[in-house]
Amino acid sequence: MREVLGTALTSSSQKALLLGSGELGKEVVIELQRLGVEVVAVDRYDRAPAMHVAHRRYVIDMLDYDQVVDVVRRERPDVIIPEVEAINTDALVDLEKEGYFVVPNARAVKITMNRIELRRLAAEKVGVPTTRYAFAHNEDEAAEACEKVGYPCLIKPEMSSSGHGHTLASSPEEAREGFKRALKEARGKSERAIVEEFVEIDRELTALTYRHDTGNGIETVPLPPVEHKRPKGIYYYYESWHPATVNDEVVKKAKDIAVKVVNELGGLGIFGVEILVTKDGRVLFSEVSPRPHDTGLVTLASMELSEFAIHARAVLGLPVPEPKLLTPAASRVVLAEEALEPPCLKGVGEALKVKGVQLRWFAKPRSYKERRMGVLLATGSTVEEALERVRRAAGFLKVVKC
């Protein structure tokens, strides 16, 4: 457990280097700055959100081994914080061997980026419930795997996020095409796909769970789950609310799954464990991110400490007694409709007239269709009231050319 904090930009400072500098990273940087940490923000493009609040910034290809290693060795940070999936994980493994602290650890980052390795860990090693699944190395194996798990089946790249490369297949022909799409749209190099049972989803939860140093050892703490919803045909986060509107039995099962998976991954910091609640009553592990989760943006309004504050404290080796859920809250993303450079946000005044509403405008340098440009947050006496407020405010906003 850490007892001393230094001063940024002096020889006493603790230094954090973010690999990925999006909107989630920006909130982490703000929390680190509050603790006097010197922060370096790295991303594949300039003027990314977290770069706006960091002390220094670098633009590199984060999938390139040498570029990742070079920027870390140049800055020599006390902690490396991966904020996105598109990172060369072999570089992180080797940097950890050199003595650098990777959050939560290089093994966890590498496993969670790979759907096949993650499913093996969760279902086969830890033994938590998941959908039926099989792995495919070619088009014919994808068709055979769909026969095994049953049609319709979901085909996903070994490495991807936010629905990229997903196909719902109802025939062997569609399964073969789905495999080709999975490889084409994978993030990074991918030669395999995972084929999963298609389930009718009733609810989707994020079981935010963190590990911190209490001074007497590492403790794992599950938080009240966040619930989120994606309109039909949309795979990315669109709207979330907190606490989840599910019964206590589902909450307990979700927390139990999350704790088991997170303990196996180890390290320090917060994890976003994605849970599916099916219409036939099953509570299933889906995926996990070893970092703050986009659906957890709602905790900026709902909790005593947001997921970002928790992450910042935990990765610095500071204790984080379980924070309170202060109020029901909801979030809704602000999406762009077209490519614009630079983009501006119109309708802000009217949106902020809605009681209980806050806005985070990420100030990304350019937009494209359906790019997440901001998020609205709202509190209320109930989740339903918070959702009504955030949806009403969203109706006023539009991303436009400046």
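Glycine is no exception: its Cβ is also placed from the backbone N, Cα and C atoms.
For the N(1)-(5-phospho-beta-D-ribosyl)glycinamide site, Swiss-Prot lists GLU23, LEU24, GLU83, LYS364, ARG371, ARG372; matching the candidates ASP61, ASP140, ASP294 against that entry yields ASP294. Here Swiss-Prot has ARG115, GLU196, GLU197, PHE198, VAL199, GLU204 binding ATP, and the candidate from LYS156, LYS252, LYS253 in that same listed site is LYS156. When the Cα of GLU287 (Mg(2+) binding site) is compared against those of the binding-site residues GLU83, GLU197, GLU204, the shortest separation belongs to GLU204. Put simply, of the binding-site residues LEU24, GLU197, VAL199, ASP294, ARG371, the one whose Cα is nearest the Cα of GLU274 (Mg(2+) binding site) is ASP294. When the binding-site residues GLU83, ASP294, ARG371, ARG372 are compared by Cα distance to GLU204 (ATP binding site), the shortest distance belongs to ASP294. Secondary structure at GLU197 (ATP binding site), as computed by DSSP, is strand. Pairwise Cα distances among ARG115, LYS156, GLU196, GLU197, PHE198, VAL199, GLU204, the recorded ATP-binding residues, top out at 18 Å.
Taking the C-alpha atom of LEU24 (N(1)-(5-phospho-beta-D-ribosyl)glycinamide binding site) as reference, the shortest distance to any of the binding-site residues ARG115, LYS156, GLU197 belongs to ARG115.
Most other Cβ atoms within 10 A: among the binding-site residues ARG115, ARG372, that distinction falls to ARG115.
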